[in-house]
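Student: Here it is, the structure in full.
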Amino acid sequence: RPPPNPLAGMEEPGMDTEAETVATEGPARPLSCLEAEAAAGAAAEDSCAARGSLQPAPAQPPGDLAAQASVSNGEDAGGGAGRELVDLKIIWNKTKHDVKFPLDSTGSELKQKIHSITGLPPAMQKVMYKGLVPEDKTLREIKVTSGAKIMVVGSTINDVLAVNTPKDAAQQDAKAEENKKEPLCRQKQHRKVLDKGKPEDVMPSVKGAQERLPAVPLSGMYNKSGGKVRLTFKLEQDQLWIGTKERTEKLPMGSIKNVVSEPIEGHEDYHMMAFQLGPTEASYYWVYWVPTQYVDAIKDTVLGKWQYF
């Protein structure tokens, strides 16, 4: 047997330090399968948590991005984005409403907008800008400019029925009387004016056409005394101005009971027209040599299509 080693059981200097280092740097024994799986799972969770804290939020789908862009650009959901707008002053019942409205919208769409502002149903509205605004044309087509005043005339259904009934009766009575008589232009009171002939400065006529009222007064016409007369339609005040050399009468359109007209024989491109200012036929104010293309526009503007509602 070899002799016992005298150094056995003695520790070399620094062994404790090395043992501590080894224990710190790695496990003193191999890990079991269960322990290895648990350690790998914990490491994976830590790694995912770290990545989640560092990565930005996931990108929105394309539809969401478009919606965010729409909101950030101040565009409305009604499709007004990118459409040219004009500033309008909607005037109804002595109240002004400032509105921005698409220039390529139609008169019908404008009526819907007015309905949302005033509560006045579109069928009860008479919307005017240099004459009645056509429902099927755009504001651009009728040359509406920014800052334009849009006049709205209309009342509640009850008000219209109360005022309209006697007006309808007066119209029917007037038509019945006309049917019993000879043509107006052959009657003596009108012949003395018509026999003077067509005024030299009469406005041009367009037979078979219908036009909106011009921006300028209608002039170059005669009244029943044979004097010169002009008609000015003050839409912003809802008035008809009948002007002669001596004076100008300013009539609220609502005070005019009826408007009648008849083509002048031999000159069918011109009409003779009367505005009923009182309850009887004696209150008719006659105007001669009205260009035919403006006859319907005059009736619509003075009486309003809404009266037949």
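Keep in mind that glycine also has a Cβ here, set from the backbone N, Cα and C atoms.
In case it helps, TrEMBL gives these features for our protein:
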COMPBIAS  35-50  compositional bias 'Low complexity'
COMPBIAS  174-185  compositional bias 'Basic and acidic residues'
COMPBIAS  192-201  compositional bias 'Basic and acidic residues'
DOMAIN    86-153  domain 'Ubiquitin-like'
REGION    1-80  region 'Disordered'
REGION    172-204  region 'Disordered'
Student: Do you know the mean pLDDT across the domain 'Ubiquitin-like' (86-153)?
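Tutor: Residues in the domain 'Ubiquitin-like' (86-153) carry a mean pLDDT of 88 in this prediction.
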Student: Kindly report the helix/strand/coil residue split of the compositional bias 'Basic and acidic residues' (192-201) according to DSSP, in that order.
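Tutor: Helix/strand/coil tally for the compositional bias 'Basic and acidic residues' (192-201): 3 helix, 0 strand, 7 coil.
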